[in-house]
């Protein structure tokens, strides 16, 4: 394995609530992910996989333990510093697509670039390239309402990769799609991982989808139950 | 960063055009109300001060009766010609004194008749009340003394009786008196009180007393004070002479009244200003209500767009960027409303000034103030919802349905 892991969790715990109603979502997770990996995270609901994803995405903070992203201790960052980290290094794909309504596909993809402070011409160029990469160059002016679920998810993927992030976090990206569209999305994610070298961490319920990954991690009761390399 | 925020704000407002317009309505009405009121108010004030200038310099009006309130007088003995002569002789600092006896009479020429105010006075009247002749001539001192059957008429009377004919050298009938029109006065327009100052017929005092009124009474003495003289002192001089002549004991109140026209004009213009102030305050309340409307709609907007805020935060928007986005949206909403209000107000003020015959005076100061105020309303009432948006937890926000 590489000397410099992309991210490392060391004894990470997450506790919700206080006193008797305390709930341990994560009970001390150790995990290292290297650049270029394609990891599928599995596990029943309540196993802690979503909490783990939120911590990996710097959206949530661990209650205990350390999270290092590219050697930086995320626990020591402020809310805004974590936002900047997301802006520059992370991309998100959600189960529910989470596109802006009544906003064209192009404008949706441009959104992260606006926060990067790029000029209009550069934004347009990059956003068009990203839409092209997900095979939607003919749908630039369509709003989410005018696109199918599979197309919406592809716009969301374009939005996530338009900034060329180090890490793409996908939370059940095929959860709302039929099997045919799911396969298309998985092939797209595989291609992104392979061709652009973007590390992908994906939560999924379906073994079929997990099979596209190179490594499968299974959560149970707030701990990693198994961690195996496939397609290695 | 601000440019982006503006871009985002315009996109969002355009997407909710109808709601944006309705939200702006409060601001539009508030701004328009304040500007219309202030513009018309200052027009009215300007009109009053112009009328003061037209009244004649340092005019005092000495009338019979105690002043009870606006326009009310209680009965008292009329003045005599000798009273006016005594004032002219004994009060220091006067330019001229014009005794006036007047009443309402129908003036007749050919088939036309017009009910007007007929004043019997001396030749001093024209200079005291600042009414020069436009055509023909004024009557002379000797005509006034002799009681010749001549008259000078105002523009309104000339128009009503003679239409397009030349009134000069024609004879009009005032009750039993037939008199020759020797002059037409220059138009003077409405007085401060709103009466037509051109609706009058002026005849020599003696003529009026003998042939129209049939008595020796004088209701009004117009006095013009030398410029540079303290009108207050002159007023006191007039009062003391008239008190003596009217045999008033020191415990009795004056049964006549000396009015300084300038004071009245000042009072009227301060009334106008008070009204303007009060109506502006009503407009300002509307601005406040408009601001609350903006806050309300921004709070609705934040709740409605919680998921959008979650997405923005997730892809790396800073707290301040989200705050700025919603703040700019509120400010754009309110200042755009302000702008529409200004345009609307100028249109309304222009229309109303024509309708109310008040001059249109453009008030740049109030327009600018109203605009800045509307923008400030956006900042103040937009801040709370914007802060609420900025402080959302991205995970919670993304889960929001």
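Cβ coordinates are placed from backbone N, Cα and C, and glycine is handled just like the others.
According to TrEMBL, the protein carries these features:
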DOMAIN    B:20-240  domain 'MacB-like periplasmic core'
DOMAIN    B:282-394  domain 'ABC3 transporter permease C-terminal'
TRANSMEM  B:21-41  transmembrane segment
TRANSMEM  B:278-302  transmembrane segment
TRANSMEM  B:322-348  transmembrane segment
TRANSMEM  B:360-384  transmembrane segment
The domain 'ABC3 transporter permease C-terminal' (B:282-394): DSSP-derived helix, strand, coil residue counts: 98 helix, 0 strand, 15 coil
Remote residues contacting the transmembrane segment (B:278-302) - C-beta distance under 8 A, at least 6 residues beyond either end: 16, 19, 23-34, 37-38, 41, 309, 326, 329-330, 333-334, 337, 373-374, 377-378, 380-382, 384-386, 388-389
Mean of the pLDDT scores, which run from 0 to 100, over the domain 'MacB-like periplasmic core' (B:20-240): 86
